[in-house]
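Per TrEMBL, the features are:
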- 37-460: domain 'Peptidase S8/S53' (DOMAIN)
- Asp45: active site, charge relay system (ACT_SITE)
- His98: active site, charge relay system (ACT_SITE)
- Ser409: active site, charge relay system (ACT_SITE)
- 515-610: domain 'Subtilisin-like protease fibronectin type-III' (DOMAIN)
Amino acid sequence: MANVVSVFPNEKKTLHTTRSWDFMGFSQQVRRTTLESDIIIGVLDTGIWPESESFNDEGFGPPPSKWKGSCQASSNFSCNKRPWNTYSIHSSRGLNGHGKPIWPWLGTARGGVPSARIAVYKICWSDGCSDADILAAFDDAIADGVDIISLSVGGKIANDYFNDSIAIGTFHAMKNGILTSTSAGNEGPLPASIKNFSPWSLSVAASTIDRKFETKVQLGNKKIYEGVSINTFDLKNAMYPLIYGGDAPNITGNFTGSQSRFCSINSLDANLVKGKIVLCDLSTGEGPLLAGAIGTVMQGQGPRDRAFSFPLPTAFLGPDEGADILSFINSTSNATAIIRKSNVANNSLAPFVPSFSSRGPNPITPDILKPDIAAPGVDIIAAWSLASSVTGLQGDNRFVPYNIISGTSMACPHATGAAAYVKSHHPKWSPSAIKSALMTTASPMSSATNPEAEFAYGVGHINPVKAINPGLIYDAQPLDYVKFLCGQGYNSILLQLVTGDKSTCSKAINATVWDLNYPSFALSATRLEFVKQVFNRIVTNVGSPTSKYKATVTAPPGLKIQVKPSILSFTSLGEKKAFALTVEGRASRSMVSASLVWDDGKYQVRSPVVMHVIP
């Protein structure tokens, strides 16, 4: 049919502090504008728990006049002047805590733009987040008048842009002047595992902050091991018998020790583990809890760069420490241990990207660098639904208003808040301008802690304070993305149906990927292939009316980078200048990193330059 854009299965997408804002240098005393309360952030997620103090609307006036939406109230949901919902079947109440950025630690939880409004669109249910719901929510959010959209959801595989509901929705949002912040995904550190990578959206990786949670395990022989978890249970200094899960199989349930060592549900003999601490080869903790265990020590090869909550006292140790504990169990007939409450410790290596955060390169357009930026996403305190326990596991009866969560789903809202902050200072800026400001002012990160370098963290760590004064911006309009898509092989009929106008691909409406006015530079090549590529860019002066920027290039041996002209002189705000960046060299390694900085003595506008090998 002529009016069908594309046909693809209605698949299910998955769900990808407090201290975090201070860690970014974004204090409660940052400069704010009166426009902040007019900024509306559309959150497409699992719903909302309106009674949370994080959504208290005390002191708020009525919604801004631009708001065209309405609140869909129900018997179990009330509306206020801060959160609304316009897309719901049964109720907009969220039954888990996802999408809303414990207990023994005292402090103040706050958002990045506390005066902003939140419009919540429920797209996710117990069985996932359907493409049809996602697209409908985008349509509603655009029509309602939101300014920024936050989406912490992604697909299982990389789809072509217009066979991907999120890419389609974010394109429509961009065309209507709305920047969408999206989560990179939680399937790292595999290469090309990033789930949201369209060039018109902001793709956010997760990073650590300078806080981590440590949980100590003390054995009866006085040895102490330092594990990782969020353990709020207090065992009152009492030592408990210690047993290995592999030594306590539920034989009547036809389980063997090779199975019970993983401590899955029903695999343990309750008579043997009741009232004891169980050493398990990885576990959710649900099996030991249901079998009557008092606690569990987990051992495994998995990374320990984020902490999890468990339904009973738990500490996660590495295989060497686990082997020591198992040896202790086998050396005595009276093995005992205690699991201490967690302590908060300094993470001196922060910020770095944890193993779970999805990596680049961009699986569809390898010459567009993705992810774009990194933001706090590890051990983040966020508002939590009182309809879900701390872990959501059977037997966990703890219901709290705030929880500690890790994932790119936590990083994405940080970037959303930063984007809203920039929008409040520059309400007329385009989505690309806001995105450019966030990217070119980001703080550099080190490949020493992330060997995947830019494919882990993009341009670097987000810096909201600097982002409101970027000096120069790389702006792009909808037509620029149309030209990019024409250059990628999309035909005019598809473009017209997607853009809703009379866009056509022609010699004039056609551009290579290297000419899209993007704030970063990426070039793919086969191994040892000599390449020479020119990137054409245009920057807009938003810093000092009269200024002179000088280009500084940092490149590794074997990679030649030239910028022409190397000096850009401006005489007014809003003035635009074009330049060309030429990259020459061979991809001798899987990835080489360089950088371009435009510096006028007051503003430093930084962009990474990456050459990488394609399979």
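Cβ coordinates are placed from backbone N, Cα and C, and glycine is handled just like the others.
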Run through the domain 'Subtilisin-like protease fibronectin type-III' (515-610) and tell me, per DSSP, how many residues are helix, strand and coil.
-> 1 helix, 62 strand, 33 coil
Give the distance between the Cα atoms of Asp45 (active site, charge relay system) and Ser409 (active site, charge relay system), rounded to the nearest whole Å.
-> 10
Averaged over the domain 'Subtilisin-like protease fibronectin type-III' (515-610), what pLDDT does the prediction give?
-> 95
Take the Cβ of Asp45 (active site, charge relay system) and count every other Cβ within 10 Å, whichever protein chain it belongs to.
-> 26
